[in-house]
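Q: Residues or ranges marked as transmembrane segment by TrEMBL: 21-39, 87-112, 124-145, 157-176.
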């Protein structure tokens, strides 16, 4: 005897094979956010997408007190590129989020922190949004339409969020004190 199961969106274990609307929505958020952040990294590293490239970005980093500027520009660019790509495909999500959180803490500490809250006044608004989205993805998990879906951190939770925030904060603290 064959039975037919009815899809029940209220049951987490009873999802359609191609993912729920929440899975697809999270994929859309991850792809958009992750690829935009990867684009910021590519601007710094390669001078594409309207960016200045590593040498010019390095000079900007030196003016902020990072020495050698080119090395720190490469670290920032790689963090954005790899963190963004990791979130986009849902791979090593807590580490990808940590990379972006660390960069944003640095940006708030040395660039936008003196400008108050609002972006229009040179404030931290944009950096806070990036930090919260990255942390939120780590906490929620990347969803079923992600490479991390087979790993424990792929389901999200307190510990992946703590790893993302903790490593991002530690990385930022180390960078700010070098």
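Quick reminder: no glycine exception, Cβ is built from N, Cα and C everywhere.
TrEMBL: automatically predicted annotations, no manual curation.
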Q: Could you pull out which residues elsewhere in the chain have a CB under 8 Å from any CB of the transmembrane segment (21-39), counting only those six or more residues past its ends?
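A: Answer is 15, 49, 80-90, 96, 100, 130, 133-134, 137, 140, 142-146.
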Q: Give the nonlocal contacts of the transmembrane segment (87-112) in its own chain as ranges (CB under 8 Å, at least six residues past its ends).
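A: Tertiary neighbours of the transmembrane segment (87-112) are 27, 30-31, 33-35, 37-38, 64-65, 76, 79-80, 122-124, 126-128, 130-131, 134-135, 137-138, 141-143, 145-149, 153-154, 156, 160-161, 163-172, 175-176.
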